[in-house]
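Encoded as structure tokens, the structure appears first; notes follow it.
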Amino acid sequence: MKKKHGDIFTVLVGGQYIHVLMDPHMYGFIFKKSKTKLDFGVFATNVVLNVFNFQLTTTHHKIAETGSKKYLQGKSLVALNQIFMQNLKEILLDSAEEKKWHQEGLWRFSYKAIFHAAFLSLFGIVPELEVNCKENTKERRCKSYEKFFEDFQQFDEFFPQMILNKMDSKTKKEIQRLKDYFWDLLSVKKIDKREDISIWLTDQDQQLAEAGMTEKMRTQVQFLFLWASQANTGPVTFWLLAYLLKHPKAMKAVREEVEQVLKEIGQEENLMNLSLQAIKTPLLDSAVEEVLRLKAGSFVFRSVMEDLNLQVDNGKEYSLRKGDHLLLFPFLGLHMDPEIYHEPQIFKYDRFLSPEGKRKEFFKNGKKLKTCIMPFGGGPSMCPGRFFAVSEMKLFTMLMLTHFDMELVNPEEELPSSIENRILVGTAHPMHDIDFKYRRRL
């Protein structure tokens, strides 16, 4: 539609006029507009109500934003990363026999491992999930955690339908069953019984309680935090490992970089006191960004709160009317633009590095882009947990590269295509899993 209609065009959907803005030079202008002119809250409130069954307020937003800045960045993030790595090592290393090859679906393996480690790091040890586990362990193949992960995946599969509130009676019944299961498991009535729960969660729950939120609503918020923290990181990590396995040159370069950096700081084996902020891994960073460019496709939605004139990069001016909506879809308008990225469909692990190894600059219409990648949205609605999410991806990949040999079972097989409707609401999911082999390195 961009080729036919240009950098901005309007579609009528369900009686609502939605203006689609494709010019990436305009993104910053949109994000700077106050919510009295362009507001994200209207859309977010509808999504949260449809999916998580509570009315989102400015109080929720302020508490979540403050908590994320306080506990998911800086020194607090360093501490959280160490907890995450400890859990990840117990999950991956304690259950893997040396010298023995294991075969598994890469999607299930990577998503499940990150899900389990991140859940333990944020939500702590939930007594109900420890019932079938061995004493004093967090065994990765514990049946209750397997079911928990599978139920989460099933709920997440319904997410696109829930946003639109278009489901048949059978689907609604199943979604309600899953919600009841998660609400019971994450109930704030049981929060004191959890061990090692993160201060990120407990502090926010305390603030919500002090703000007068009911136990029911606070439990619903806990479930929202679970989905927000788990729904996209695992899928991105799958794609990162899949592309590295499919491109041996990239795998070799990133592995050598990681091994060299860890050797320099004396962390070849431990990886426990690793501060990602204190080390430089430009190739790994570029590979992560490249996968986010290829597979992270969330859109940015704004409601027009008052009449507004919008002047795009070509000099033309457009009038936006109060009650209309504005949609930015960086996946198409930015990530997949061949003028910005040569051969945008192809994975290039070093795409974001210049020949000198520095951060590469990108241009559109001869002008330098202020933002060349937007996997986490933008402006006030930008994902508050993005720093921890990227840390998870990098730490998981570093652990796999340094402690395991890995290869695809069928190296000639093409990587699976993406499920189309997922790219609209977050990270793309594969149409099917792919098998890989792994073993502990000697």
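Yeah, the Cβs are placed from backbone N, Cα and C, and that goes for glycine too.
Around L56 (substrate binding site), the C-beta neighbours below 8 angstroms that are at least 6 residues distant in the chain are G41, A44, T45, V48, L49. Annotation comment: TrEMBL describes L56, N232 as substrate binding site.
Look at TrEMBL and you will find C383 tagged as heme binding site. Reduced to three states, the DSSP call for C383 (heme binding site) is coil. All protein chains considered, the CB of C383 (heme binding site) has 18 other CB atoms within 10 Å.
The transmembrane segment annotation in TrEMBL covers 223-245.
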Distant-in-sequence Cβ neighbours of N232 (substrate binding site), under 8 Å, six or more positions away: A296, A389, G426, T427
